[in-house]
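I have placed the structure first, in the form of structure tokens, so that the comments after it can refer back to it.
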Amino acid sequence: MPKEQQEVVVLGSPHISTSATATTINMPEISTPDHVVWSLFNTLFMNFCCLGFVAYAYSVKSRDRKMVGDTTGAQAFASTAKCLNISSLFFTILTAIVVIVVCAIR
């Protein structure tokens, strides 16, 4: 089979050849939440038995692991931080309810 060559004519201004520069950005496929904001909130306002502070420490470790590229480690630290945040929130709300009930009974 003979190869056909086609010519394309562009109307308008003359064509100036320039070299094109390509930039590639490697983006991570999965974004792992590190729960830093939630941990900071729990540290400042709902720090039941220092659970908020420990959750903040695990959140920072998760963020560090994510920056290094260790997604498995980041997910493990983020999961621990999430559990600690939920525990801190639950126990702080439970303590507040108990205090309100005890004060209301007196």
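From the backbone N, Cα and C atoms, a Cβ is placed for every residue, glycine too.
Since we're looking at a predicted model, the values are computed, not measured.
Annotated in Swiss-Prot:
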- 36-56: intramembrane segment (INTRAMEM)
- Cys49: S-palmitoyl cysteine (LIPID)
- Cys50: S-palmitoyl cysteine (LIPID)
- Cys83: S-palmitoyl cysteine (LIPID)
- 1-35: topological domain 'Cytoplasmic' (TOPO_DOM)
- 57-84: topological domain 'Cytoplasmic' (TOPO_DOM)
- 85-105: transmembrane segment (TRANSMEM)
*Between Cys83 (S-palmitoyl cysteine) and Cys50 (S-palmitoyl cysteine), what C-alpha distance do you get in Å?*
14
*Reported in the order helix, strand, coil, what are the DSSP residue counts of the topological domain 'Cytoplasmic' (57-84)?*
26 helix, 0 strand, 2 coil
*asked:* Quick test of the contact rule: Cβ under 8 Å, at least six residues beyond the ends. What residues does that give for the topological domain 'Cytoplasmic' (57-84)?
replied: 28, 30, 32-36, 38-40, 51
_Three-class DSSP secondary structure - Cys50 (S-palmitoyl cysteine)_ = helix
*Would you count the other C-beta atoms found within 10 angstroms of the C-beta of Cys83 (S-palmitoyl cysteine) for me?*
13
*Around Cys49 (S-palmitoyl cysteine), how many other C-beta atoms are within 10 angstroms of its C-beta?*
12
*asked:* Can you tell me how many other Cβ atoms are located within 10 Å of the Cβ belonging to Cys50 (S-palmitoyl cysteine)?
replied: 13
